[in-house]
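For reference, TrEMBL has these:
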- 37-141: domain 'Thiamine pyrophosphate enzyme N-terminal TPP-binding' (DOMAIN)
- 235-351: domain 'Thiamine pyrophosphate enzyme central' (DOMAIN)
- 444-569: domain 'Thiamine pyrophosphate enzyme TPP-binding' (DOMAIN)
- Asp475, Asn502, Gly504: Mg(2+) binding site (BINDING)
Amino acid sequence: MDAKIGPLDVSKPPCSDVGSLPHNGTASTPLISSEWTLGRHLARRLVEIGATDVFSVPGDFNLTLLDHFIAEPGLTLVGCCNELNAGYAADGFARSRGVGACVVTFTVGGLSVINAIAGAYSENLPVICIVGGPNSNDFGTNRILHHTIGLPDFSQEMRCFQTVTCYQAVVNDLDHAHEQIDTAISTALKESKPVYISVSCNLPAIPHPTFSREPVPFSIAPRLSNHMGLEAAVEVAAEFLNKAVKPVLVGGPKLRVAKASGAFVELADACGYALAMMPSAKGLVPEHHPHFIGTYWGAVSTAFCAEIVESADAYLFAGPIFNDYSSVGYSLLLKKEKAIFVQPDRVVIANGPAFGCVLMKDFLSALAKRLKHNKTAYENYHRIFVPEGHPLKCEPNEALRVNVLFQHIQKMLSGDTAVIAETGDSWFNCQKLKLPEGCGYEFQMQYGSIGWSVGATLGYAQAAKDKRVIACIGDGSFQVTAQDVSTMLRCGQRTIIFLINNGGYTIEVEIHDGPYNVIKNWNYTGLVDAIHNGEGKCWTTKVRCEEELIEAIATATGEKKDCFCFIEVIVHKDDTSKELLEWGSRVSAANSRPPNPQ
């Protein structure tokens, strides 16, 4: 269903020169205001949709556009150290606010940011990626420009973005700029995917009559379920689940894009089933729900969760993504004939019928009214559950263990905090954290780009100023994107980063070890102190034992609670979670399957 943006029906001036008087010299047509510009319109649109912080790296093709962003009340331009981090920051901002934006320069900036945009695409995040493009007069000529690969064809960048954005707009004339910009932004919101907007560098400051008023508010046609399909899907699903003995519910990451987390909780409340979440959906449903049993991740699930899910005689998965990572090397013990798979606009029931044009939130809400209450699976979980033990108490000055570290991070969590988990062993350790009501949680599982968390932490903290962000980052990942600690300091953020220094790419070690997984050790606190350079509020420390960790956390949450805090935690290179050991061996087996016989 197409989005419709109310265009401004403004008559064109009687001559083609924008801002000119009529040729008869009379003043019957007023001059176009100097404020009626493309740059101002785009800036106001970003404020209107909630992308109030735009993450940028300047370049000669976008400088005039940046002037308009700076001039716009309600819009904050956040300068980043590189384009990749600007894209990651827009991703993190979108996770908190629902939409994010970044602006870079042509090709050298665009191709640098594209990895972050691909990650946002994989996670269904609406990110507006704006690029300052070549002068409009250069299109269609045979000129070769700087920041290109030396060909007169300027479409290379846009073609690269075609597979990682849901809409691309190359704005190189003013007559169509208004429509192109509004269509791009509305498409991002409607599809919940990134879009690409290239704006010629000579256009942002030129007045044009299509920008002559306050932007007409967006009017995006709502997506609706097919009523008959919805009724039929609910009827078949209710019959399927009501005859089951011990059914369960499992939430997946597409609950976010379907905006169906509330409907999923409504269903869980109504039916009484045991409730689990896939790892990439952690944080989308409150973990204090009375029937919550943990993370379902096959062999590396939280304790007793997989046993309940995989022994169920019926399971409803809402918004799942099954890939080699989430399936632990394709080792999940699930049977299609027992499953109902609910996607954002489609329901598939076991080996039976499929129903299209059925929105997830409508289906879950309607199903909640048709299911019999059945607590059998949760009662079975409660019957077999054994409270997890606590790590052995460390001896005085004993080398710190990772499980002890996360025991103390658990105690830091509240509704006023949010957790960002970097790709690596932090995935598995953070999965075991029990999130208090209101505590945010984000990680990037589908794309799994190491270094994502630094930029994402910057963006998330900029969006969620009411929360203190706690980021858990491995040393290998941190080396990829460390520079934008600088931007966190410039923005006055009070994030706490736990830098887990174990000497390399531990997640890769457990999949396939080799000398390439060992990295050069840095003095990480020294690096952050150098970046701080006496400007802003910053506190750093190294910890090697539990006593030092306790003292560091007390300082970070007490005396330094209004500072950016960087805690380097030094642990043994082989100190990994048992879940990573199991997961790594299974992913390794999947990766090393021999070719099928031809």
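Any Cβ shown, glycine's included, is placed from N, Cα and C.
Nobody curates TrEMBL annotations by hand; they come from automatic prediction.
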Note the mean pLDDT of the domain 'Thiamine pyrophosphate enzyme N-terminal TPP-binding' (37-141), expressed as a whole number. 96
Tell me the Cβ neighbour count for Gly504 (Mg(2+) binding site), meaning other Cβ atoms within 10 Å of its Cβ, over all protein chains shown. 20
Given the binding-site residues Asp475, Asn502, the candidate whose Cβ has the fewest other Cβ atoms within 10 Å is Asn502
Check: same-chain CB within 8 A of Mg(2+) site center, minus Asp475, Asn502, Gly504: Gly474, Gly476, Ile500, Asn501, Gly503, Tyr505, Thr506, Ile519, Lys573
Per DSSP, what is the residue tally for the domain 'Thiamine pyrophosphate enzyme TPP-binding' (444-569) in helix, strand and coil? 58 helix, 28 strand, 40 coil
Please list the DSSP helix, strand and coil residue counts for the domain 'Thiamine pyrophosphate enzyme central' (235-351). 37 helix, 25 strand, 55 coil
Per DSSP, what is the residue count of the domain 'Thiamine pyrophosphate enzyme N-terminal TPP-binding' (37-141) in each of helix, strand and coil? 52 helix, 22 strand, 31 coil
